[in-house]
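Enquirer: Residues or ranges marked as domain 'Ubiquitin-like' by Swiss-Prot: 13-87. The repeat 'LRR 1' annotation in Swiss-Prot covers 128-151. Marked as repeat 'LRR 2' by Swiss-Prot: 152-175. Residues or ranges marked as repeat 'LRR 3' in Swiss-Prot: 177-200. Residues or ranges marked as repeat 'LRR 4' in Swiss-Prot: 201-224. Summarising the annotation, Swiss-Prot assigns repeat 'LRR 5' to 225-248. If you look up Swiss-Prot, you'll see 250-270 marked as repeat 'LRR 6'. The repeat 'LRR 7' feature in Swiss-Prot is assigned to 272-293. Taken from Swiss-Prot, the feature repeat 'LRR 9' covers 318-340.
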Amino acid sequence: MELEDPTMADSTIKLTVKFGGKSIPLSVSPDCTVKDLKSQLQPITNVLPRGQKLIFKGKVLVETSTLKQSDVGSGAKLMLMASQGLHQGEGPILKEASIRPISRTVVSDKVDQRKPSVLVDKNRTDRWKATGVIALAQANLKEIPEEVWDCGSGVRVLDISENFIKEVPAKISSFGSMQKLFLQGNGLSDESIQWEGIASLKRLMLLSISHNNLTVLPSAMGSLTSLRQLDVTNNKLTSLPNELGLLTQLEILKANNNRITSLPESIGNCSFLMEVDLSANIISELPETFTKLRNLKTLELNNTGLKTLPSALFKMCLQLSTLGLHNTEITVEFLRQFEGYDDFDERRRTKHQKQLDFRVVGSGQFDEGADKSW
């Protein structure tokens, strides 16, 4: 029988971290620092390292100390306490992911599934055909009414948001003049949407599919070359497709409150982007191609795992005046080290002063954009 090498046994220790009603088993080196341990716990718990307090035998462990120096050995049980707000993604992972506290409104509270669907009469369909606008939000619909499909190619706007619709069929391609499509708040899954139909809408400028249950966006999205606004907030997306870079007319991208871990480098091709919101995701870095977004004015990255930014972001993105980095590992002091920061700071202060001059609500307090030293 082969004997276990005692040096190997000493090279790792097995410990348990208790957090949010669950026990997290870990095998780590005794020479691992408490700071390194916190970094390992970040993707497991979604709590940023600076928001973690590790407690062993009633004492808070010091970040710079090793586990050996802290008398943490095999079999040790640590407790993790999380500071409120200091998390990436939607929040700390508590117990099992299936009962994770997600603040996602899939269907509006105003919609009662027990109520009958809105009646589609001739007056309504005549109005649809005359205006090209089909408005059926919060109509308690289980499916898209047949009368909608009878409206022909003149339809410019279709709003079927906040219903209970479970299928968007391929025949939506018949609306060749469609410019705006609102599908948010229906609980749509990946299987619910026949993407080849939507992808054929070459004139589509606005697509809202927020507050659904999508886990992936298909490569067919790249066919929507007229798209200017894309809202995929509050889904379960883990990535954005590489074909995002084909949406060269895109001006607004809202993808906050998902589970996105990385971004395609092709996003740099979306040179008209003015507003990007990626808050409450699990992103740890931005591609350097972000510096190609010369029209970027607003970039929201709050509650992510970011530790740094593209080195030339402030130098190259000369329109940037709003930056949100609260509850990340990036501090104001860190930002000030970047080339071009002073010019960026001047732009955002000028914007803030204009808001004060025009008495914009909520503009009374100047926002530094990131947290101060911690």
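Our numbering is plain: 1 for the first residue shown, then up by one each step along the chain.
Cβ from N, Cα, C; glycine included.
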Enquirer: Using DSSP, break the repeat 'LRR 1' (128-151) down into helix, strand and coil residues and give each count.
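Expert: Tallying H, G and I as helix, E and B as strand, the rest coil: 8 helix, 3 strand, 13 coil.
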Enquirer: Do any residues of this chain, six or more beyond the ends of the repeat 'LRR 7' (272-293), have a C-beta under 8 angstroms from a C-beta of it, and if so which?
Expert: 43, 46, 88-90, 228, 233, 248-266, 299-313, 315-317, 319, 324
Enquirer: For the domain 'Ubiquitin-like' (13-87), would you mind checking the mean pLDDT of the predicted model?
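Expert: PLDDT averaged over the stretch: 86.
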Enquirer: Could you give the residue numbers and ranges of same-chain residues that sit at least 6 residues beyond the repeat 'LRR 6' (250-270) on either side and whose C-beta is under 8 angstroms from one of its C-beta atoms?
Expert: 89-90, 103-104, 210, 227-244, 276-293, 295, 300
